[in-house]
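Take a look at the structure set out below.
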């Protein structure tokens with residue numbers, strides 16, 4: 001009988017700790033990122049989870065054959081830490097011995113050790129498991145981790161409870177044409193398009209809930225801003241006084257996320273040359289006022305009075321940036337005709353809803369609003385939308401037996417990452433994107 | 001133009017803050033959980049996200065009609081905080097005024113305000129959105145939040161990066177009979193059974209990764225410990241010295257989770273009458289030794305030399321509890337025949353793998369081990385398992401171009417919750433369970 005005590009021994013120090021070991025012999029481990037051979041010596045750049053570090057091979061002090069390692073080898077280096085002012089971490093290591101933990105069998109089909117990956121998007125995605133080893137590529141997803149972490153940390157401090165709702169759903173899904181169907185032991189079921197019903201159900205349980213999880217949309221169009229599977233950041237909040245509470249929460253949330261990224265993800269922001277603008281307040285304009293601004297300031301001929309066109313989202317952000325120096329703008333009071341059956345109508349004008357979109361750098365990143373909590377009001381709206389209440393029984397259960405006033409929002413993680421980091425295609429900010437032509441790797 | 005500044009105003013205080021307001025008139029908000037009418041007065045129990053609080057209605061000091069509220073109403077109470085030694089929070093509130101925010105239309109089909117929900121499991125699940133309002137029922141999922149939070153917090157401190165891998169997968173899925181297939185624009189694709197391949201791919205990028213996300217298994221049998229969709233807690237860790245590193249990490253992880261639950265989820269543990277035993281170390285036994293123990297100590301006739309039978313898992317935990325006072329036991333070195341193609345064989349005896357299961361209170365909760373990182377070794381094992389390497393191209397890419405030694409584990413959140421809290425059916429610890437007969441609510 002052995003006993004596992006919960007201690008992991010490692011003699012290797014982290015790259016970031018090396019500077020405090022100048023003059024000492026230490027062990028570091030990592031993957032060989034790049035070898036630059038000079039005459040009589042070589043620079044061997046090691047890659048670890050978040051950093052690069054220069055080690056130096058020389059016939060003078062290295063007691064192994066340089067040919068025993070190659071780009072892609074995982075190695076442990078034993079060597080002397082020496083000061084180096086030019087290095088971003090202030091030191092480099094003179095390699096004495098090397099232990100090879102694993103080795104590659106073939107050269108990379110793409111060059112991952114350029115500063116910027118120099119391949120087109122299709123090639124990047126074809127070789128995704130390798131492309132992501134490029135420090136700039138992986139920085140996108142380290143920052144994405146930071147966004148999710150900021151989202152969770154903030155909401156937990158605001159007494160939100162994290163939930164995990166099912167992704168296989170039966171009757172009562174929102175429906176529409178962009179839903180995936182699935183054979184479930186001979187029965188037709190669906191993949192969840194959003195956790196909307198479940199988060200509303202859970203408002204009756206935990207008052208404030210959030211979820212981070214995949215959602216599925218069978219979009220047939222192949223655009224730069226749509227994915228068929230994406231990670232949705234969702235919140236729902238009970239006992240609100242109005243949908244402005246949700247917008248205030250989201251504003252404060254973004255302040256928190258930006259602060260976290262600035263403090264703990266500095267290297268990654270620098271690698272991607274991204275500066276996050278400090279947010280103090282976010283301008284907010286009603287849907288019809290937004291259309292007026294578009295007509296007046298941009299001499300736009302307004303054709304669609306039910307929704308915002310992509311070009312209009314772009315222009316509104318241009319306006320917010322110019323007039324208020326803000327990359328964000330809220331648009332509120334979208335027409336009832338275009339919002340779902342659970343959206344609460346504005347009591348002052350039921351043609352519009354107590355809802356909002358949040359735009360960032362030219363694109364909608366969030367849809368939210370207040371939901372109907374009253375049973376009769378919900379039944380009436382279901383009727384008005386020509387839906388069948390029988391299909392929504394388990395959802396209506398919560399209204400029938402009492403539900404506080406509530407609202408929330410949903411936000412696609414990949415699209416938010418794209419807008420925040422300034423990418424032009426959402427596939428760049430999806431770890432393994434799914435579109436109409438792509439389900440591998 | 002309005003401006004959203006990120007501040008939410010609320011005059012209502014939290015139940016837990018009430019005690020510091022004794023003698024003052026305050027506002028509290030919540031849902032009416034229970035009304036107990038006496039002569040001339042009534043106890044009105046309010047429910048908020050995590051607590052209950054007693055408020056008192058009396059013709060003497062209440063300036064509203066008691067009939068204006070009912071069980072299930074969401075209300076704001078304005079009233080005087082008075083000391084009450086019998087109350088768990090040390091005080092109660094004399095109701096002066098009430099503002100009704102929303103009201104129920106029908107009485108509950110199940111009684112949620114008993115201490116323990118007194119319905120069978122089927123009824124519980126049929127009325128799940130209501131059943132979860134019972135404080136004991138929802139405590140299960142508050143604790144589940146705590147488990148996930150402990151998992152993430154711990155791994156983040158150990159420099160793990162959180163990833164989000166796709167749930168729609170094409171060629172290269174693990175396969176087998178328990179996989180769901182899906183029509184994807186005319187093409188047959190699958191729902192992910194685990195993030196295994198993706199987390200191994202990401203070891204080459206971030207060295208240490210974890211994921212919390214849904215996985216899907218088309219299990220046809222309807223047991224008390226299987227679900228067709230569950231939340232999987234997954235980790236994968238590079239630069240390990242051996243699979244013992246993974247077991248040590250998991251042991252330390254559980255110590256952390258238990259501490260977090262004990263410190264921040266005390267009320268919920270008490271509601272469910274659960275005491276978490278302090279873990280110092282976990283006994284670990286090899287698969288064949290485990291079979292010997294079963295034969296010798298329990299006089300069991302061993303029939304299966306390839307896997308552990310459910311009864312054997314139960315007996316091994318009984319053994320660990322009795323001999324070492326530990327609710328956990330590791331079983332290591334499972335036969336190669338029963339482990340997947342990416343499991344690393346034991347160099348001392350390739351009939352067995354460098355793998356482990358972790359058992360808790362009678363049931364397997366984790367499967368893990370070291371994975372093959374060498375390209376040729378992986379190709380050979382694929383051949384031995386009669387699989388086609390062409391189907392695994394994007395997976396093999398990582399081995400071909402260099403991957404550090406690594407390993408990891410996967411753990412079902414609902415099953416872990418069941419074993420930790422002492423439930424007999426995993427449906428009790430799944431928010432909205434999916435089984436062969438159930439896809440709603």
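Even glycines carry a Cβ here, placed using N, Cα and C.
Binding site for ATP per TrEMBL: B:217, B:218, B:219, B:225, B:226, B:227, B:412, B:413, B:414, B:415, plus B:364 from the candidate set B:162, B:268, B:270, B:364. TrEMBL lists region 'Aspartate' for one of the ranges B:192-195, B:196-199, B:200-203, B:204-207, namely B:196-199. Tertiary proximity for the region 'Aspartate' (B:196-199) is limited to same-chain residues at least six positions away from its ends with a CB under 8 Å from its CB atoms, namely 163, 165-166, 172, 174, 209-211, 234-236, 340, 342, 394-395, 408, 410. Distance between Cα atoms for residue B:217 (L-aspartate binding site) and residue B:226 (ATP binding site): 9 Å, as a whole number. Residue environment of residue B:415 (ATP binding site) contains 23 other Cβ atoms, counted within 10 Å of its Cβ in all protein chains.
According to its DSSP assignment, residue B:219 (ATP binding site) is coil. Between the CA atoms of residue B:371 (L-aspartate binding site) and residue B:413 (ATP binding site) there is a gap of 23 Å, rounded to the nearest whole number.
With all protein chains in the displayed structure included, the most crowded Cβ environment within 10 Å among the binding-site residues B:219, B:364 is that of B:364. According to its DSSP assignment, residue B:226 (ATP binding site) is coil.
Proximity to chain A, defined as a CB-CB distance below 8 A, holds for B:413 out of the binding-site residues B:217, B:219, B:413. Residue B:88 (site 'Important for tRNA non-discrimination') sits 42 Å from residue B:367 (L-aspartate binding site), counting Cα to Cα.
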